[in-house]
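J.: Quick one: this structure, given as structure tokens, is what I'll be asking you about.
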Amino acid sequence: MVVQGIVDKAAIRSTDVVMEVGPGTGNLTVKLLDRAKKVVAVEYDVRMVREVLKRVEGTDHARSLHVIQGDVLKVALPFFDVCVANIPYQISSPLLFKLLAHRPMFRCAVIMLQEEFAQRLTAKPGDDLYCRLSVNTQLLAKVDQLMKVGRNNFRPPPKVDSRVVRIELRNPPPPVNFNEWDGLVRLVFNRKHKTLHAVLTTKSVLTVLEKNFKTYMALRGKESGEVVAGIEIEGGKTGVPIAGGVKALVEEVVALPAFEGKRAAKMDLDDFLALLAEFNQRGVHFSS
Ligand SMILES: C[S@@+](CC[C@H](N)C(=O)[O-])C[C@H]1O[C@@H](n2cnc3c(N)ncnc32)[C@H](O)[C@@H]1O
């Protein structure tokens with residue numbers, strides 16, 4: 001029933017190429033082959049590769065199944081319309097981010113995840129599980145919770161329940177530099193209940209921001225030939241020091257009415273986008 005549920009929720013069309021991650025012995029694979037034009041399965045374990053190929057041997061499905069033996073995190077993903085994955089939960093996060101960055105865009109991914117991980121993906125500001133994973137995922141994709149799969153559906157039963165989710169990439173993608181975005185949310189979700197001021201004005205954070213600031217200003221100076229405020233550019237040029245340095249810029253941003261007293265735990269995507277824009281406008285960057 002679980003396998004059939006996953007196949008139904010994936011709404012596969014007869015023209016689709018489906019990428020299945022971790023086919024194992026092929027329980028899901030054969031059902032996908034019933035619906036899709038082609039299934040490309042990525043399987044790490046050579047014994048499982050043999051099993052799944054044996055399962056379709058001599059059937060009509062043999063021609064529509066292609067198996068790539070390898071680690072899904074390392075191989076170049078093939079073209080696909082729909083991804084279906086039932087994979088070990090340790091690789092949920094890296095696989096999710098590989099899919100979120102994958103191009104060309106695919107129609108959807110239907111993935112079985114650990115219940116708590118799935119809840120994190122859709123958590124909203126103020127929820128206990130709201131975290132960096134929530135905002136990063138929601139920035140790049142729309143996630144729907146499809147069905148809960150209790151632990152007793154498995155033999156032997158694992159310690160946790162599972163959940164099937166559907167992921168659709170946002171198209172067009174958001175106009176934001178993801179490294180900058182992730183650099184900022186990583187910092188503020190480190191201590192999500194602290195104010196932005198408390199998190200972003202610690203000595204260690206300011207040291208990193210200062211370093212990034214110098215790198216960006218030096219690049220800008222090199223490109224335009226201008227001497228940028230406060231920065232010693234390689235070759236000996238110096239500019240006028242900004243009073244208070246990067247710390248003053250950070251304090252100026254976190255004191256803006258939109259951000260004063262705010263904490264990551266209660267901020268939504270628009271708040272983070274606006275915050276990042278204010279920093280970047282002042283030359284404060286979160287990726288080097
Ligand atoms: C939980 S089983 C899924 C079995 C099958 N999909 C089913 O529903 O009956 C996970 C499968 O993922 C494969 N796998 C684990 N890590 C992988 C990786 N990094 N890349 C590709 N396959 C992987 C395992 O070898 C195993 O066959």
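Note that Cβ sites are derived from N, Cα and C of the backbone, with glycine treated the same way.
Keep in mind that TrEMBL annotations are predicted by a computer and have not been checked by a curator.
For reference, TrEMBL lists these features for the protein:
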- Met1, Gly22, Glu43, Asp71, Asn86: S-adenosyl-L-methionine binding site (BINDING)
- 2-171: domain 'Ribosomal RNA adenine methylase transferase N-terminal' (DOMAIN)
J.: Looking only at Met1, Gly22, Glu43, Asp71, Asn86, which the record lists for S-adenosyl-L-methionine, tell me the maximum pairwise CA distance in angstrom.
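T.: Greatest Cα-Cα span of the listed binding residues: 28 Å.
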J.: Residues with Cβ closer than 8 Å to the Cβ of Glu43 (S-adenosyl-L-methionine binding site), same chain and 6+ apart in sequence?
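T.: Residues satisfying the criterion: Gly22, Pro23, Gly24, Val49, Val52, Val67, Ile68, Gln69.
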J.: Same-chain residues six or more away whose CB lies under 8 A from the CB of Met1 (S-adenosyl-L-methionine binding site)?
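T.: Met1 (S-adenosyl-L-methionine binding site) has long-range Cβ partners Asn153.
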